[in-house]
Amino acid sequence: AKEKGGKLTAGLAAGGHWNPNKAPHHGFPWSDDAHLGDLPALTVLHDGTSTNPVLAPRLKKLDEIKGRSLMIHEGGDNHSDHPAPL
């Protein structure tokens with residue numbers, strides 16, 4: 001957890017999107033002008049499980065993400081800097 005607005009908030013300690021190339025905004029994982037850490041949608045079943053592979057076409061080596069967190073958000077993702085329900 002990390003503090004925000006005087007309250008401990010779970011997940012904030014993971015940090016922001018991985019953006020080593022200083023891309024200007026969030027976007028689709030296959031877009032060269034998006035954060036390198038932007039990933040595609042993950043489909044999860046009602047019981048909370050998923051067996052779908054997560055494809056990250058711009059990540060080439062596991063060492064690139066070693067020591068990093070993977071954050072999965074509930075709900076849809078419009079691949080925007082201003083998230084909105086789908």
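Cβ from N, Cα, C; glycine included.
Note that the coordinates shown come from a computational prediction; the quantities given were computed from them, not determined experimentally.
Listed features, source Swiss-Prot:
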- 1-26: region 'Disordered' (REGION)
- 7-16: compositional bias 'Low complexity' (COMPBIAS)
- H17, H26, H35, D38: Zn(2+) binding site (BINDING)
- H17, H73: Cu cation binding site (BINDING)
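Locations of recorded Swiss-Prot features on the structure.
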residue	record	Cβ neighbours (10 Å)
H17	Zn(2+) binding site	15
H26	Zn(2+) binding site	19
H35	Zn(2+) binding site	22
D38	Zn(2+) binding site	21
H73	Cu cation binding site	10
DSSP state at D38 (Zn(2+) binding site), helix/strand/coil: coil
H73 (Cu cation binding site) and H26 (Zn(2+) binding site), Cα-Cα, nearest whole angstrom: 14
Composition by DSSP (helix, strand, coil) of residues within the compositional bias 'Low complexity' (7-16): 3 helix, 3 strand, 4 coil
For H73 (Cu cation binding site), the three-state class that DSSP assigns: coil
Shell list (Zn(2+); ref centroid = CB of H17, H26, H35, D38; cutoff 8 A): W18, N19, A23, H25, G27, A34, L36, G37
Three-state secondary structure, which DSSP defines for H26 (Zn(2+) binding site): coil
